[in-house]
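Q: Would you mind keeping the following structure in view while I ask a few things?
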Amino acid sequence: MVGVVVIVSIVWLVGYLGFQILDSLNQHGWSDWLRMHSVQITKGCVIWSLKLHVPKLRSWCKTHKQFLRRFFQLGSICGVLACFLVMLGLALTGITIYFIFAACVVTRSIFWRVDTLELASNFPLVASFKRLLLRVANALLFHLVDWLKAETGMAFAESLLLCWVGLLIILPVHELGHAIIAMAEGVEVEKVGLFLSFFIPGMFVTVEDSLDDVHTRCRLRILCAGFWFNLLLCLVSLVFLFLLPLLVTPIFKQQIAVSGFYITEQESNPLFHRLSIGDELMSINHKEVRELDDIKKTVRELVSETFVGICLNKNNFTNSEYFRSFSICCPGLSNDDHNSWPIEDSGYKCFVESSFSNTGYPNAVCISDRWLATQDFALGFCNEERIDDTYFIPYTGTGGRLVSLKRRIPKEGGFNQTLLVITPDALLHSVKWTEYVPRASPLWLYKLLVIWNPIGIIERFFRVLFILSAIVGICNMAPVWRMDGEDVFAWLLIYFPLPMTSYVEYGLRRKRWLRCFTILSILSFPLFFILTDF
């Protein structure tokens, strides 16, 4: 991630220097032309601004003035509460940083290499705060990331594009909130601007100086309107996510299907030749799966189980109709393979384990499909000891057992087939899944929609929109420079003033507090990574 930031910064600065050189050779003709079109280029960003002249919107705001005031009054209450909570969090950050600094002095260690265990033993307050931070991080960050389905296999370019497009929606919505209530309060909106800083989009709304003359509560409504619209956008995104399966029901159905593989080499991906793109996963160990969370839950259950394999009675192995000789049903299969393989034109699967080559037992077994329905008979607990009257099929991977997968193969007319897999964790780390498949379409279109996964992309986009809107809104309420929280904090100082003797002293105190909160907000990011031991 750091490398991406460095590369982006270098590309940006090289582009800026190239523009300046070409502009100087053209006697600043390019910059003059851009200035005529309200575009300004600086070292840090590109700014495009224009006058906001929408008579219909202005008249609508004035007509519904009373309703908008009540509506945004609720937003101002939420904004003040958010600003207060952010200040409380920054205050706790400052206290923790102080104790960490003291611990660095006591233990003579570098700030970013401080031993958190020694820190916790010497400073109980920091230990308590760390436990609180870990609980909050686990509840808000890790569970949220899991809910957002931010899979490690998602391409960085795809996630970056979703975030970039999400910001292009969030920022206009944020500034639209400021503009609407400003027009309703009779404050003229002079211009609206869009800027690009190191390829990160931003937006701003400029109002006239009459904002300083309006009532304090009116000004508070204008300041908190952006946060209020971000909060509403979060709610809209959340409602859309819950309604999405219902909205796409006529065309798509909610069903897990294979949309690709993370690693295509057979040696490193045990499921590459077992599953095909478009195969629908119906069940795992006879448990129906409809969502990716069902697969995760099943794999977690397999990991938590205590047995490590399958015990087969030797008499059943040699005589039962469920098992066949390796040479009969698996001709030509190498003894070095470590997977079960479907056998064409028969109802048997082979499982090969090369570690049996020196044990005196056969190193392969063919198992019938009918055997899968007799788990009480065959799927029993095993320990690692090989007993003389049992045939032990060991497994060394996560989960410690063979997993029965029932899949539906659309290319074969919806034929259902059961597979045995010895690596259940590969279901999460080796296969790309989609949760929506088309109901009825030609096979080529079916595979195209499964690979492209348009409904999954829309779902991920609204999840990204939800979290980005929340982050932008909360960060904007922070009492730091150039944020809406700066003026909200000034309002809090007016209604809850500190002991001061004059307006000049008030300005100095306000400036000092803002500088302190700005520094703490910057330090809060490395502090989070230190205390969570990332």
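Along the chain as shown, residues are numbered 1 onward.
For all residues, glycine too, the Cβ spot is worked out from N, Cα and C.
As the structure is a computational prediction, the values presented were derived from the model and not from experiment.
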Q: Among 68-89, 156-177, indicate the range for which TrEMBL gives the feature transmembrane segment.
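A: Per TrEMBL, the stretch marked transmembrane segment is 156-177.
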Q: Do any residues, 6 or more residues outside the transmembrane segment (227-248), come within under 8 Å Cβ-to-Cβ of it, and if so which ones?
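A: For the transmembrane segment (227-248), the far contacts come to 72, 74-76, 78-79, 82, 169-170, 173-174, 176-177, 254, 436, 455, 458-459, 462-463, 465-466, 469-470, 472-474, 476-477, 484.
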Q: Hey, which bits of the same chain come close to the transmembrane segment (156-177), Cβ under 8 Å, at least six residues off its ends?
A: 4, 72, 75, 150, 192, 194, 200-205, 225-230, 233, 460-461, 464-465, 468-469, 472-473, 476
Q: If you average the pLDDT over the domain 'Peptidase M50' (165-490), what number do you get?
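A: Residues in the domain 'Peptidase M50' (165-490) carry a mean pLDDT of 69 in this prediction.
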